[in-house]
Amino acid sequence: MRAAAGGARAAVLALLLGALHGAPARGEEYDYYGWQTEPLHGRSYSKPPQCLDIPADLPLCHTVGYKRMRLPNLLEHESLAEVKQQASSWLPLLAKRCHSDTQVFLCSLFAPVCLDRPIYPCRSLCEAVRAGCAPLMEAYGFPWPEMLHCHKFPLDNDLCIAVQFGHLPATAPPVTKICAQCEMEHSADGLMEQMCSSDFVVKMRIKEIKIENGDRKLIGAQKKKKLLKSGPLKRKDTKRLVLHMKNSAGCPCPQLDSLAGSFLVMGRKVDGQLLLMAVYRWDKKNKEMKFAVKFMFSYPCSLYYPFFYGAAEPH
């Protein structure tokens with residue numbers, strides 16, 4: 001009897017979440033109808049929960065697969081304006097395609113599906129997305145944020161949103177991806193957005209590259225450095241410029257196949273270490289690059305940046 005009731009509850013949830021590509025959510029051991037509408041994390045809200053359309057100017061979740069979202073969301077955002085501001089910071093991560101369920105996971109929190117009870121992501125969904133995306137975030141100097149710690153989410157035998165696409169069989173042998181820091185923008189706007197997300201921008205020569213603990217270390221030549229954006233760099237940083245490419249020992253970076261000539265590098269200073277965020281071969285004939293360097297300080301930096309900011313709780 002209990003198993004049958006549990007199966008019925010699972011079927012009801014699967015129907016309600018049908019817009020999420022028809023993927024099952026497991027509810028065999030959870031009394032869905034017994035859920036209480038308690039304040040999230042002990043916080044009380046000035047307004048009762050409401051459902052509204054996911055707007056087009058919430059691009060993180062507008063194409064997630066369902067039309068209506070619940071407010072307050074599962075990150076304690078009470079207004080749509082707050083959701084938009086915080087969610088926009090995660091668009092760069094979504095664009096990196098570090099896991100096929102990144103959008104489903106993030107939108108289950110930022111724009112939860114409109115039901116009369118909050119439905120959390122399963123812990124396994126969080127862990128799968130974290131395994132795919134945390135190394136990429138670490139490469140840019142951003143730890144997996146506290147608000148997304150997977151122990152906060154229910155186990156898969158509870159009523160929750162399970163992995164949607166992560167179990168699909170591979171249709172082709174895996175291809176080694178280019179290092180994240182070596183993915184290039186080809187427009188001036190793209191370059192300037194990268195500059196917005198970086199603490200410093202330097203034109204430099206690279207003397208040598210070393211492999212150390214799974215990272216690459218780019219050691220700059222003593223001379224012929226030009227600081228285009230100094231940010232937090234101090235004299236000791238620029239005297240012997242050493243840039244760390246996190247988690248990049250085993251991935252290709254075509255720009256660094258030859259160290260001849262100069263490079264345009266962008267990075268962040270994290271815990272005293274200079275992390276490389278982007279690298280380009282310097283090309284004085286490249287009009288887009290010349291334009292970006294000339295006008296980077298007058299460019300209206302997007303709210304998406306610095307890269308992955310908004311991963312912390314709002315202040």
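From the backbone N, Cα and C atoms, a Cβ is placed for every residue, glycine too.
Feature annotations, courtesy of Swiss-Prot:
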DISULFID  Cys51-Cys114  disulfide bond
DISULFID  Cys61-Cys107  disulfide bond
DISULFID  Cys98-Cys133  disulfide bond
DISULFID  Cys122-Cys160  disulfide bond
DISULFID  Cys126-Cys150  disulfide bond
DISULFID  Cys179-Cys251  disulfide bond
DISULFID  Cys182-Cys253  disulfide bond
DISULFID  Cys196-Cys301  disulfide bond
DOMAIN    46-163  domain 'FZ'
DOMAIN    179-301  domain 'NTR'
SIGNAL    1-27  signal peptide
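Here the features listed in Swiss-Prot are placed on the structure.
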{"residue": "Cys51", "record": "disulfide bond", "DSSP class": "strand"}
{"residue": "Cys122", "record": "disulfide bond", "DSSP class": "coil"}
{"residue": "Cys133", "record": "disulfide bond", "DSSP class": "helix"}
{"residue": "Cys150", "record": "disulfide bond", "DSSP class": "helix"}
{"residue": "Cys160", "record": "disulfide bond", "DSSP class": "coil"}
{"residue": "Cys179", "record": "disulfide bond", "DSSP class": "coil"}
{"residue": "Cys251", "record": "disulfide bond", "DSSP class": "coil"}
{"residue": "Cys301", "record": "disulfide bond", "DSSP class": "coil"}
Between Cys51 (disulfide bond) and Cys196 (disulfide bond), the C-alpha gap once rounded to whole angstrom: 35
Cys98 (disulfide bond) to Cys179 (disulfide bond) - Cα separation in whole Å: 12
Cys251 (disulfide bond) to Cys182 (disulfide bond) - Cα separation in whole Å: 10
Sparsest-packed among the disulfide-bonded residues, when each Cβ's other Cβ atoms within 10 Å are tallied, from Cys61, Cys98, Cys126, Cys251: Cys251
For the domain 'NTR' (179-301), mean pLDDT (0 to 100): 92
Cys114 (disulfide bond) and Cys301 (disulfide bond), Cα-Cα, nearest whole angstrom: 33
Other C-beta atoms that fall within 10 angstroms of the C-beta of Cys160 (disulfide bond): 23
For Cys179 (disulfide bond): intrachain residues, at least 6 apart, with Cβ closer than 8 Å: Met245, Ser248, Cys251, Pro252, Cys253
